[in-house]
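S.K.: This is the structure I have questions about; it appears just below.
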Amino acid sequence: MSSINFDHIDRAQLPALLRAAPKAELHMHIEGSLEPELIFELARRNGVALPYADVEALRAAYAFTDLQSFLDIYYAGASVLITEADFHDMAWAYLQRAAADHIVNAEIFFDPQTHTARGIAMGTVITGLHSAAKRAEKELGLRAVLILCFLRHLSEDEALATLDAALPYRELFVGVGLDSSERGHPPENFARVFAKAAQQGLHLVAHAGEEGPPEYIWSALDVLKVERIDHGVRCTEDPALVQRLVELQMPLTVCPFSNVKLCVFDSLPRHNLATLLDLGLKATVNSDDPAYFGGYLNQNLVETFEALPALGARHAYQLLRNSLEASFATAEQKAPWLADLDRLFLTASVR
């Protein structure tokens, strides 16, 4: 916005602005929002035995060295989710935190195969999550929608069966994604299921370029025809890819805490978020699996800005605006959010 004088906004103002601004979260796995306290509560409710003595022991186990060691405990935590009420309660807990972080639009990933493999019905998963999303719209005033993710360490035939099982609930989710162990599971392995999802009018996103190479991002773009790249931080290794992503203004849903926790970057000060933005890439910040990675969206934003002195007010505004623009909300839904964002930064820039 040309009338915002970013030079008049001090870095000291940024934490408050980042917290107060309307924003969208576009990369958050609902199973990854399951806090240890709720895991134990649901375990008691459902008579599930956990291999941890108490909440503290479970939290102490959150010492990951890579994506796979995280996924092992992630799937164990999900074992307590059995009833529709369990899925509702998990999503509702996240959505209350989202509202407190001034998230106006949450596009939430869920992994049905994690649950159907345990004998949980597809309808139980989707209906429970969707009921919390509708409740959030009514009680919290935020838009919440669901994106069904296929587990890439499983076969495409299993993904196709999962999509077929979900289609009776087609009106309850807006898109499909691809997640789980990235290395050795390139996006092109899922070309057919993404084509079928596109025929159903579903939005398409995929994890690529987190632990996997830049080639996986090319594949997600050219084979899967995605509308957003989840993570994408390794794109900087390929200048031609960066150029393509900039030309497309392809959103990258970056997750700083996750990248550090899973050792994609050694530390937050070494993250390449500032580089991504300065290259003209349409990056956003997200929490990924906040219960496991140590922070929800506002904490990711504030601490990343503290760690990266190269990030200033213009970057803050751009990240927040990118999140709203990159969402699958309608132009009519986005307009008031963008106006509120402009108003907030305009007020902060007046001296």
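Yeah, the Cβs are placed from backbone N, Cα and C, and that goes for glycine too.
So TrEMBL has the following annotated:
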ACT_SITE  Glu210  active site, proton donor
BINDING   His27, His29, His207, Asp288  Zn(2+) binding site
BINDING   Asp289  substrate binding site
DOMAIN    22-338  domain 'Adenosine deaminase'
SITE      His231  site 'Important for catalytic activity'
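Give me the lay of the land around each of these features.
M.R.: Around the Cβ of Glu210 (active site, proton donor), the number of neighbouring Cβ atoms within 10 Å comes to 24.
The Cβ of His27 (Zn(2+) binding site) has 30 neighbouring Cβ atoms from other residues within 10 Å, across all protein chains displayed.
For Asp289 (substrate binding site), the same-chain residues that are 6 or more apart in sequence and have a Cβ closer than 8 Å to its Cβ are Met28, His29, Glu31, Gly32, Ser33, Phe70, Tyr74, Ser258.
In sequence order, His27, His207, Ala208, Gly209, Glu210, Leu252, Thr253, Val254, Cys255, Asn259 constitute the residues six or more apart from His231 (site 'Important for catalytic activity') in its chain with CB-CB distances below 8 Å.
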S.K.: According to DSSP, does Asp288 (Zn(2+) binding site) sit in a helix, a strand, or coil?
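M.R.: The three-state answer is strand.
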S.K.: Beyond the listed site residues His27, His29, His207, Asp288, identify every same-chain residue whose Cβ lies within 8 Å of the center of their Cβ atoms for the Zn(2+) site.
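M.R.: The answer, listed by sequence position, is Met28, Gly32, Phe109, Asp179, Asp230, His231, Thr253, Cys255, Ser258, Asn286, Asp289.
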S.K.: I'd like to know the mean pLDDT over the domain 'Adenosine deaminase' (22-338).
M.R.: 97
S.K.: Around Asp288 (Zn(2+) binding site), how many other C-beta atoms are within 10 angstroms of its C-beta?
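M.R.: Around the Cβ of Asp288 (Zn(2+) binding site), 31 other Cβ atoms lie within 10 Å.
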